[in-house]
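Marked as active site, nucleophile by TrEMBL: E289. Look at TrEMBL and you will find F105, A106, I107, Y110, D197, V198, D199 tagged as UDP-N-acetyl-alpha-D-galactosamine binding site. What TrEMBL lists as Mn(2+) binding site is D197, D199. What TrEMBL records for 15-34 is transmembrane segment.
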Amino acid sequence: MWPEKCQFSFGKKTLYFSSLAVAALVVLGWYSYFPETSSYWHSRYIFSCKAKMVYPKPETLKPPRTNVLSVSPWLAPIVWEGNFNIDILNELFRQENVRIGLTVFAIKKYIRFLKTFIETAEKFFMVGYPVNYYIFTDLVGNVTNFNMTVGPRKQLIFLEVPSYKRWQDVTMRRMQMIRDFTKQRFASEVDYLVCVDVDMRFQDHVGVEILSDVFGTLHPAFFVKGRDKFTFERRPESQAYIPEDEGDFYYAGGYFGGKVEEVYKLTNHCHHAMLTDKANNIEAIWHDESYLNNYFLYYKKPTKILSPEYLWNERDGTAFYLRKRRLISLHKNADEVRN
């Protein structure tokens, strides 16, 4: 997949060798014939090797997926298995030396999901890239005793945050907390942020194919439904309001991200919209998710959209359009965990 071509230039002439040929030259000692440490070597001879990729030519009249929507009306790609070449993407992103942050909130009883989340993320999330796991929790002393270990260039970073009596306040305050820590430290530590719910399990590859300026994820419960079934906030007086005849997709509140500066803009906007509603005694129907959908519709449409492969419900089995189920939302007694 990755044969190397090496180039040796002297004067106006250039010779090309395979990487195996260069190895043979070294073994035979021919490399020592060149005065590599002298100024003459540096001024007259140039020797370099560069990896060359070999992959099938894209077929313009034979799209890899024809049973699903692969691009939005505003030309944002919708990420499905079969529509991307991860080797090409890895080469592009590694040239940029990208650093990735993954945020999760392990508040109150939700700490029970953290160990599984981190252990499965280590197997499938951004393998080979530097990752900071930013764990927001009100129980730092508890979660640091979970005996979680991460690999090279990975860090577990525990951020102590307050808890709130109502679970609705916990979920809405996430936007504020992500915004505040983005300004305080994330912007200087990572290039991209991925913001995910903690009650999840990775079970297949999730890599740089998801990264973009700002991305959202199609909610699996509404993926094939019409606008009239979307549970947008329908009260016109709310900052999250979307009328019944509008809306592109319904995005999941538990999976979004992008470049650090774009995540800051998103979370800052949603937080201020919530404060405005709170001052008017309004609480959007699905809290932070309602404001996220409003933002993606009216203020900044996602530059990339993740298909339901990237967020699937444990109880829903499979579907004909799913070739992968990469991140699974775990079944739980919501009332018991939230209260």
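Cβ from N, Cα, C; glycine included.
Unlike curated entries, TrEMBL annotations are predicted automatically.
Overlay of TrEMBL annotations on the structure.
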| residue | record | contacts (Cβ under 8 Å, 6+ apart) |
| --- | --- | --- |
| F105 | UDP-N-acetyl-alpha-D-galactosamine binding site | F136, T137, V161, V170, R174, M177, D197, V198 |
| A106 | UDP-N-acetyl-alpha-D-galactosamine binding site | F113, L114, I135, F136, T137, L139, V143, V198 |
| I107 | UDP-N-acetyl-alpha-D-galactosamine binding site | F136, T137, D138, L139, V161, S163, V170 |
| E289 | active site, nucleophile | Y251, A252, G253, G254 |
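Binding of UDP-N-acetyl-alpha-D-galactosamine is attributed in the record to F105, A106, I107, Y110, D197, V198, D199, and the widest Cα separation among these residues amounts to 11 Å. Every protein chain considered, the tally of other Cβ atoms within 10 Å of the Cβ of V198 (UDP-N-acetyl-alpha-D-galactosamine binding site) stands at 22. Just so you know, the Cβ of D197 (UDP-N-acetyl-alpha-D-galactosamine binding site) picks up 20 other Cβ atoms within 10 Å once every protein chain is counted. Around Y110 (UDP-N-acetyl-alpha-D-galactosamine binding site), taking its Cβ as the centre, 22 other Cβ atoms fall within 10 Å, counting all chains. Counting every protein chain shown, the Cβ of D199 (UDP-N-acetyl-alpha-D-galactosamine binding site) has 23 other Cβ atoms within 10 Å.
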